[in-house]
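Student: Can you keep this structure in mind? I'll have questions shortly.
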């Protein structure tokens with residue numbers, strides 16, 4: 001190279017370098033601009049839609065947004081007032097009744113087996129969305145329109161509503177688990193989508209529940225719970241699914257698939273890296289006994305408590321739903337790449353500390369500090385909901401990591417069944433403690449002691465953190481031979497076309513990085 005060319009290269013290098021720096025600076029500036037921040041959620045949804053079938057996204061919105069989020073939040077507030085004002089039962093009894101709501105969720109492995117190995121007229125998913133919708137609609141209309149019914153009938157109808165939600169949840173969770181296995185890089189994003197839809201639906205449900213309870217009464221307001229199940233029926237007809245052509249051999253395949261699923265579940269659950277985190281998830285829920293009904297009765301009591309109105313109770317929960325969305329965003333932006341054990345450890349520690357705010361409120365120390373009840377309860381709800389969401393998200397991602405391909409719906413349902421058993425134990429345990437300490441409709445003298453016991457159990461859960469694996473949230477936690485064996489032995493997966501086969505995890509990760 002002659003000296004002239006060398007000099008030209010030297011003169012051009014700073015210019016090229018400065019251009020790269022300017023380009024990088026421009027990209028950084030654009031990422032921090034208000035327009036970029038506003039458009040980022042839509043770009044994220046566009047990215048998910050490009051990698052996943054749009055009908056799957058629609059299914060997540062209907063199941064998590066309407067069926068679980070909106071219906072679940074509306075159900076919570078309206079049934080609280082239904083038991084308190086219509087049936088007039090004690091808070092400890094309501095806790096026991098609420099535990100029965102989890103029976104359909106405990107049965108999730110059965111629903112999972114049906115969706116995995118018992119297709120109906122060649123369809124694996126569509127019929128179960130329709131069944132869930134019909135069951136939920138019928139139960140909601142029955143309890144709302146029959147007037148005051150015996151407690152056993154009312155409880156059966158309410159369990160029927162939760163059964164419809166549980167069946168729909170299992171069906172869509174099978175799709176989520178399958179996607180999480182095939183595209184591991186998108187697993188946290190899918191859980192973030194589910195959490196966001198659930199929290200947004202809860203925000204709408206909580207915001208409107210107090211208004212409808214006040215103007216319609218708790219019983220008539222229950223008729224609105226028939227709307228989300230109706231959307232499930234629509235989902236069953238519009239969701240994309242390829243019908244199996246081998247209808248004559250469906251029964252034989254169902255029996256074979258059932259045997260394969262049971263063997264795969266038995267083999268997988270015995271793995272230490274599976275049963276240990278499953279045990280932790282159960283104990284972390286069961287040991288945190290629920291005192292919700294004691295709080296609710298105290299909230300609305302005109303003498304012992306702050307006597308919050310029906311509308312304000314709905315506002316409290318609505319603000320909590322907004323806080324849940326904030327928790328999802330915090331997890332999505334900052335925590336989705338953290339190791340399981342570290343994230344769950346600190347989340348559980350904060351969870352125990354946040355429980356002390358309830359104790360402060362019940363003992364009315366907030367008034368001694370000059371903090372009004374309305375302000376304090378809103379702040380407490382925000383803190384507890386954010387921490388609860390951050391604590392819950394990695395455990396759901398962990399559950400998807402433990403599912404073998406081929407029986408992912410059944411096994412994920414089994415893990416969610418374990419969680420439901422934990423929630424049931426929490427409700428019943430809380431009901432027993434409320435009863436033992438004589439917390440009734442009008443006597444809240446020992447409510448502070450019940451809360452103190454609950455908080456101690458939350459901190460005690462930290463001693464079980466060794467059961468949680470240390471791996472990252474994108475790691476595969478079970479042996480690949482189990483995945484391969486179950487995939488090879490499983491039935492023809494003619495179901496939902498959820499993931500384009502040509503996409504690999506590496507390609508998706510590159511796309512996420514670009515976004």
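Glycine too: its Cβ is placed from the backbone N, Cα and C atoms.
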Student: So which range, 13-35, 220-242, gets flagged transmembrane segment in TrEMBL?
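Tutor: Checked against TrEMBL: transmembrane segment maps to 220-242.
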Student: From the ranges 127-145, 260-278, pick the one that TrEMBL records as transmembrane segment.
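Tutor: That would be 127-145, per the transmembrane segment entry in TrEMBL.
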Student: With the ranges 343-365, 366-388 to choose from, which does TrEMBL describe as transmembrane segment?
Tutor: 343-365
Student: State, in range form, which of 56-75, 193-214, 279-300, 312-331, 343-365 has the highest count of Cβ pairs under 8 Å to the transmembrane segment (127-145).
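Tutor: Per the Cβ under 8 Å count, 56-75.
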Student: Based on Cβ pairs under 8 Å, which of the stretches 56-75, 151-172, 220-242, 343-365 lies most in contact with the transmembrane segment (193-214)?
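Tutor: By Cβ pairs under 8 Å, 56-75 leads among 56-75, 151-172, 220-242, 343-365.
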Student: Under 8 angstroms, Cβ to Cβ: which one of 56-75, 220-242, 312-331, 343-365 has the largest number of such pairs with the transmembrane segment (151-172)?
Tutor: 56-75
Student: Honestly, do the transmembrane segment (56-75) and the transmembrane segment (220-242) touch, with at least three Cβ pairs under 8 Å and pairs 6 or more apart in sequence?
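Tutor: Between the transmembrane segment (220-242) and the transmembrane segment (56-75), which are separate recorded stretches, there is contact, as judged by 3 or more close Cβ pairs.
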